Amino acid sequence: MEPSTATIEPIVKHKAPKLFLILFFLIQATVLTVLTVPFTWELFWVAFVSYFVRMFGITGAYHRYFSHSSFKTSRVFQFVLAWIGSMAMQKGVLWWAAHHRNHHKYSDTDKDIHSPSKKGFWYSHMLWFLRNEYNDYEAKLIPDFYKYPELRWLDRNHWVAPLSYSIFLYAVGGWAWLVYGYAVATFLLGHATWTINSLSHVYGSVRYDSRDTSKNNFFLAILTLGEGWHNNHHYYCSSVNQGFYWYEVDITYYILRVLSWFGIVWDLKKPPVKVLEEGRRRDLAKKMGMEAIKPNLPKKNTTKSVALT
Ligand SMILES: [Zn+2]
Ligand SMILES: [Zn+2]
């Protein structure tokens with residue numbers, strides 16, 4: 001039976017931090033094994049596909065679906081999304097989404113779990129989630145998905161998907177596929193994902209007054225399949241597309257659009273016309289050299305913009 005939101009545990013212990021830490025540092029170090037395998041274009045594509053699919057698992061699943069509920073899908077495909085995201089080895093889906101919701105609630109205040117302006121680049125990039133105090137999460141932050149037992153199981157056992165994925169790679173392509181498809185791709189995937197917590201709160205342009213340090217950055221958007229439009233996202237985070245205009249490349253959104261044509265996902269939430277018009281007005285004013293955008297002060301307005309769910 002599914003628990004009601006009133007009966008869920010207040011704090012969920014996210015066990016296996018030691019296993020996670022060992023695997024984490026192992027993957028970081030084993031990227032050097034790339035020196036032991038001669039480069040071939042086949043291996044390049046193995047790494048590329050491994051990066052691409054699992055990046056979508058983070059952006060389309062962990063972020064846009066589980067953290068922000070920006071579209072709907074079936075219970076079966078919901079589990080598939082959670083599994084693909086889990087393969088990225090960035091901890092469990094409920095853990096990830098709960099902490100991310102806190103990031104939006106408190107961004108760039110003292111309560112923000114990974115603010116580069118408050119705690120520095122490396123802390124916001126990757127050191128924060130290695131700390132013991134963040135092994136746990138508050139279930140009340142994510143009652144809409146915590147109620148599913150299969151998600152709670154996958155979240156508790158978040159090592160199952162990456163481990164079985166690495167075994168699959170080894171079985172199919174041996175050591176070379178394991179090195180390129182797992183060690184190299186997971187290393188790059190991790191650091192690319194974390195740039196959204198670090199670099200995209202430092203470098204880029206500001207369109208909206210989101211009351212934090214979030215930026216729009218084309219290069220990070222390419223690297224992360226669309227997540228680099230972070231200022232757009234912080235201003236209106238329930239939108240399924242983070243690139244708000246046709247020229248803001250957002251590959252995650254394109255994939256979700258294609259999935260929606262086949263009825264696999266539906267109810268894709270778009271930004272309201274007034275948000276898009278405000279963006280155009282601000283872009284135009286900026287182009288004409290007018291003072292349209294207030295300084296992006298990291299003071300917090302917790303009533304900011306947008307519903308998280
Ligand atoms: Zn952010
Ligand atoms: Zn977000």
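Any Cβ shown, glycine's included, is placed from N, Cα and C.
What TrEMBL records for 19-37 (among others) is transmembrane segment. Within its own chain, the transmembrane segment (19-37) is flanked in space by residues 43, 89, 91, 130, 158-159, 162, 175-176, 179-180, 182-184, 186-187, 190, which lie at least six positions past its ends and keep a Cβ under 8 Å from the stretch.
For 40-253, the entry in TrEMBL reads domain 'Fatty acid desaturase'. Model confidence over the domain 'Fatty acid desaturase' (40-253) stands at 94, taken as the mean pLDDT rounded to a whole number.
Under the heading transmembrane segment, TrEMBL lists 43-64 (among others). Residues 37, 70-71, 81-88, 90, 93, 96-97, 100, 169, 173, 176-177, 179-182, 184-186, 188-189, 192-193, 224-227, 240, 242, 252, 255-256 of the same chain sit 6 or more residues outside the transmembrane segment (43-64) yet have a Cβ under 8 Å from a Cβ within it.
What TrEMBL records for 76-98 (among others) is transmembrane segment.
Residues annotated as transmembrane segment in TrEMBL: 167-189 (among others).
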